[in-house]
Ligand code: GLN
């Protein structure tokens, strides 16, 4: 019989920078226990059914499948979210966008907020959970993403957010928002990183945007002024080397107070700008 400590040692067969953590998460998931249990009861053995499911998950992880897809869950901000293979796995870096949004407006103002390409709903739900008086709309072109975001909303019991199927702005014609945010696809089609690690299993529609990665960002920045109130803000996540290009696009579209902010790795990861009041 294999003990928990022996099973955890199999992490060495996972080719991942987080191999040990990955094995712990998979084993805790199979046992339906918190990770701390593994170190409190290292000598415990598993039932045959538990062993089989751990072996199957370990095998899939060895082939490269992201842990978040294997568990069907990923933490983002303060939230535990369901994720699925048709949406991007929420990243810690994207929490920077949540922080920036919360800094722009005090907690008392009742604002209308739009999240473009919401995927699992991560950004929309995080913002809605922090600002009960805001009305948040999350949109996604992919029907299954909208359904997943709605599932997450129900699990979290948030009533100030709704999700719609929309190809960028297509379903919100004539609406105006105080804040528009997006973590759009922004990777260049020929970027070699697409062939490495977890992203190989994520949908290209959530990752890739034309030859320079900026196709969707260009579209969003060009159209956003039509959907923003005067003095409204647009905030975008982008690639580590795209900040200067995104700031220029924001200026060209008439945005003011344009700036960028750095992520946990020190890269300029988000840029924002404010639409001036019409004179
Ligand atoms: N930051 C992600 C990555 O490099 C990409 C996310 C996106 O395209 N929006 O894997």
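Quick reminder: no glycine exception, Cβ is built from N, Cα and C everywhere.
Those TrEMBL annotations? Automatic predictions, nothing curated.
Of the residues proposed, 93, 140, 212, 215, the one TrEMBL records at the same S-adenosyl-L-methionine site as 117, 118, 119, 120, 121, 168, 183 is 140. The most crowded of the binding-site residues listed here (119, 121, 184, 185) is 121, judged by how many other CB atoms sit within 10 Å of its own CB. When secondary structure is read from DSSP and collapsed to three states, residue 185 (substrate binding site) falls in the coil class. For residue 117 (S-adenosyl-L-methionine binding site) paired with residue 185 (substrate binding site), the C-alpha to C-alpha distance reads 9 Å.
Once Cβ contacts within 10 Å are tallied over all protein chains shown, the binding-site residues 168, 186 are led by 186. Taken residue by residue with DSSP, residue 140 (S-adenosyl-L-methionine binding site) is part of a strand.
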